[in-house]
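Peer 1: Take this structure first; my questions come after.
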Amino acid sequence: MSTNDEENGTVIEVKNVPEPSPETWYSVFLRQASVYGVAAGYCLSASLLSIINKWAIMKFPYPGALTAMQYFTSAAGVLLCAQMKLIEHDSLNLLTMWRFLPAAMIFYLSLFTNSELLLHANVDTFIVFRSAVPIFVAIGETLFLHQPWPSVKTWGSLATIFGGSLLYVFTDYQFTIAAYSWALAYLVSMTIDFVYIKHVVMTIGLNTWGLVLYNNLEALLLFPLELLIMGELKKIKHEITDETDWYSLQVVLPVGLSCLFGLAISFFGFSCRRAISATGFTVLGIVNKLLTVVINLMVWDKHSTFVGTLGLLVCMFGGVMYQQSTIKKPNATQEAKPQEQDEEQEKLLEMQENKESNSVDIKETLKSEEKL
């Protein structure tokens with residue numbers, strides 16, 4: 001269709017824009033199947049990761065080396081997916097790597113205190129103190145990042161976590177000074193880690209996959225230092241001289257699956273955040289945490305008492321309340337960017353939590369084997 005411009009005497013072509021066709025049942029089915037498939041993949045990878053890690057560490061009893069291979073797989077996976085145009089990440093830059101180095105070092109410190117805590121206490125104690133981290137992170141954000149004090153609803157959730165922690169501590173029959181000293185050290189290191197990581201996310205200017213790449217790559221570069229400090233290098237050299245069956249299928253298969261599932265939980269976790277609501281993602285997280293507690297009760301022989309387990313569940317419930325109270329609902333366009341920054345932070349912290357969960361499974365398996 002064309003019209004004449006009376007002033008200029010030119011003909012203006014007016015194109016009829018076709019209206020978007022309504023969705024067919026097939027397209028709706030594919031979209032819903034994609035959402036449920038991503039959610040199922042996240043639950044499957046998160047719940048099976050601990051079992052596969054236990055299998056891998058029994059066949060390859062070197063937690064530092066296994067964790068390093070998981071770091072390598074995650075970093076290589078990001079680079080490969082970027083080459084295939086599936087994701088986008090920030091390019092590697094030496095100056096940015098130098099700026100990110102303190103965050104990687106603090107992350108390693110949190111893993112070290114995590115390992116020492118597991119050597120002196122059971123998994124229940126770890127879960128309780130891990131659940132108490134948001135209390136001190138909220139205070140640290142206010143004091144050092146100039147964030148507003150939490151709302152009344154958030155304080156209520158933090159108080160629930162604190163109450164559950166006290167209930168657990170007062171009924172812990174395995175209480176020792178050494179265990180709770182390392183628990184406090186873990187609490188402090190994790191608080192510093194989370195607050196500093198948020199500072200990095202807010203100031204360093206990397207997107208989600210860029211943060212994942214830098215975090216895993218620099219953690220991998222720090223691995224030789226851990227190898228020397230923890231004495232794992234001597235053990236590996238001893239095994240090499242004994243010509244063990246490292247290259248057999250019974251070793252390569254569980255180690256390979258452990259690395260692949262570590263990457264899968266990151267991929268499905270980020271995909272879930274895009275495909276479902278924050279509430280739905282929280283529900284999936286609850287299911288995975290409950291499965292962790294159930295597996296812990298079924299596999300290990302030393303647990304907290306019934307009241308202690310109840311306190312642990314109260315802590316988890318408080319954590320759910322805390323997640324819900326911090327979900328932001330933007331009312332205007334200018335609020336979109338801060339919310340995106342918060343999502344970037346949550347995704348990186350989720351990645352760190354996954355790495356720590358891997359360390360929990362690996363260290364606890366070794367501890368149980370030593371008792372046997």
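From the backbone N, Cα and C atoms, a Cβ is placed for every residue, glycine too.
Sharing the feature lines straight out of Swiss-Prot:
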- 33-53: transmembrane segment (TRANSMEM)
- 60-80: transmembrane segment (TRANSMEM)
- 92-112: transmembrane segment (TRANSMEM)
- 125-145: transmembrane segment (TRANSMEM)
- 155-175: transmembrane segment (TRANSMEM)
- 177-197: transmembrane segment (TRANSMEM)
- 209-229: transmembrane segment (TRANSMEM)
- 251-271: transmembrane segment (TRANSMEM)
- 280-300: transmembrane segment (TRANSMEM)
- 303-323: transmembrane segment (TRANSMEM)
- 331-372: region 'Disordered' (REGION)
- 346-372: compositional bias 'Basic and acidic residues' (COMPBIAS)
Peer 1: Looking only at the recorded stretches 33-53, 92-112, 125-145, 209-229, 251-271, which one has the largest tally of CB-CB distances under 8 Å to the transmembrane segment (177-197)?
Peer 2: 125-145
Peer 1: Other than its close neighbours in sequence, what residues sit by the transmembrane segment (209-229), given a CB gap under 8 Å and a spacing of at least six beyond its ends?
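Peer 2: Same-chain residues near the transmembrane segment (209-229) but 6 or more away: 64-65, 67-68, 71-72, 74-75, 78-79, 82, 87-90, 92, 96-97, 100-101, 103-105, 107-108, 200-201, 266, 344, 347-348, 351-352, 355.
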Peer 1: Determine which recorded stretch among 33-53, 125-145, 155-175 has the most C-beta pairs below 8 angstroms with the transmembrane segment (251-271).
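Peer 2: It is 33-53 that shares the most Cβ pairs under 8 Å with the transmembrane segment (251-271).
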